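> First the structure, which I've put down as structure tokens, then a few questions once you've had a look.
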Amino acid sequence: MSTTASGVEAAAKPEAPAGLARRIWHNYVLRRVLRSLFVIWVVTTAMFFMLRLLPGNPVDTFIAQQIRGGSTYESAAATAANLFTFDPETPLIQQYFDYLWALLHGDLGNSLDPGTTVMEQIAASLPWTIFSVGYALLIAIGLGLLLGLVMAYRRGGFLDHSISMVGSTLHAIPNYLFAIIVVVFGGVQLGLFNVSETRGTHTAGVEPGFNFTFIADAFYHASIPVTVYVLTTFGTWALVMKASTITTLEEDYVTVARARGLSGRRIGTQYVGRNAVLPMVAQIATQGGFVFGSAIFVELILKYDGVSAELYAAVNDRDYATVQGILLIMTIVIVFANLLAEIVNSMLDPRIRESESGAVG
């Protein structure tokens, strides 16, 4: 009886902290999440100190701007005291911990633009970048999947070699360099589009709203950056889809389906296409993060008023809070896009989790 009671007590005994920590560390997803948070913290810390090593400070910059605009020094200093949430005269380490504490509460600080927070600045520009990048990814992925299937079924032929050569060549060109080529040759030399008309996110005078005029105008202004993103990424999707399709065509269940007399169209859609797409799912997040990160340079070249316009203005004005806020948001998007890709990969292929767990153990 006593033995049974002691066994029950042992079973009810809570797990030791060391054992709990070991279980958490051996959890693939939690380990990846912790690593992503660590990367975000390192980047945030590096940005904070690097920006403050630059000569001058945002308060002096703001006061100088106000004086140039006609304000007196006393008036500009009073406005700056009400605007900024930190004092540049305080020790740098205290500014750092105050900044981290504010971030934990969702406060990215105030912009140099009076009465505007950093979050408001980002909220006004970031959706345009997400719109153009997301729109381009949808087109590039759809085009790449279709061409990849065609290349796999016609492998070794003229079409296969042509698409592979064009896709590989365009992918090798950095998208910001390709943007310059599009503007110079497509817009200026050949006159395929009016460079001045496509600047910005929408035409001045068009009332923003959920109406056909505004939506069509927004798509028109996004057409050039979207074209750049699509042409520099569709080759990757096509080549990956081709390789995945060829591998799938050699699977036993495809051979069985052919032996059963199923039509080539049914085999291509229900057996080959559906299974060939699975390995590409995780790459959507990785490619999306890459395109999003490089969109800054493309937007600046094409004068598309996404988040890059805010970042460029903030750098010129030494608006530390806005620069940090934009770079922080971009870092979070890219890091968690890679995190999502790793998690999806581990779900599609459990061997990834098993191999890494063995290495950690």
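Glycine is treated like the rest: Cβ placed from N, Cα and C.
Small disclaimer: the values here were computed from a predicted structure and weren't measured.
Features from TrEMBL:
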- 33-54: transmembrane segment (TRANSMEM)
- 126-341: domain 'ABC transmembrane type-1' (DOMAIN)
- 128-152: transmembrane segment (TRANSMEM)
- 173-193: transmembrane segment (TRANSMEM)
- 218-240: transmembrane segment (TRANSMEM)
- 276-302: transmembrane segment (TRANSMEM)
- 322-341: transmembrane segment (TRANSMEM)
> Considering only the recorded stretches 218-240, 276-302, 322-341, state which has the highest number of Cβ pairs under 8 Å to the transmembrane segment (33-54).
322-341
> Would the transmembrane segment (218-240) count as touching the transmembrane segment (322-341), if touching means at least three Cβ pairs under 8 Å and pairs must be 6 or more apart in sequence?
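They do not touch: fewer than three Cβ pairs between the two stretches lie under 8 Å.
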> I need to check the long-range neighbours of the transmembrane segment (173-193): which residues 6 or more away from its ends have a CB within less than 8 Å of a CB in the stretch?
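Answer is 223-225, 227-229, 231-232, 291, 294, 297-298, 301-302.
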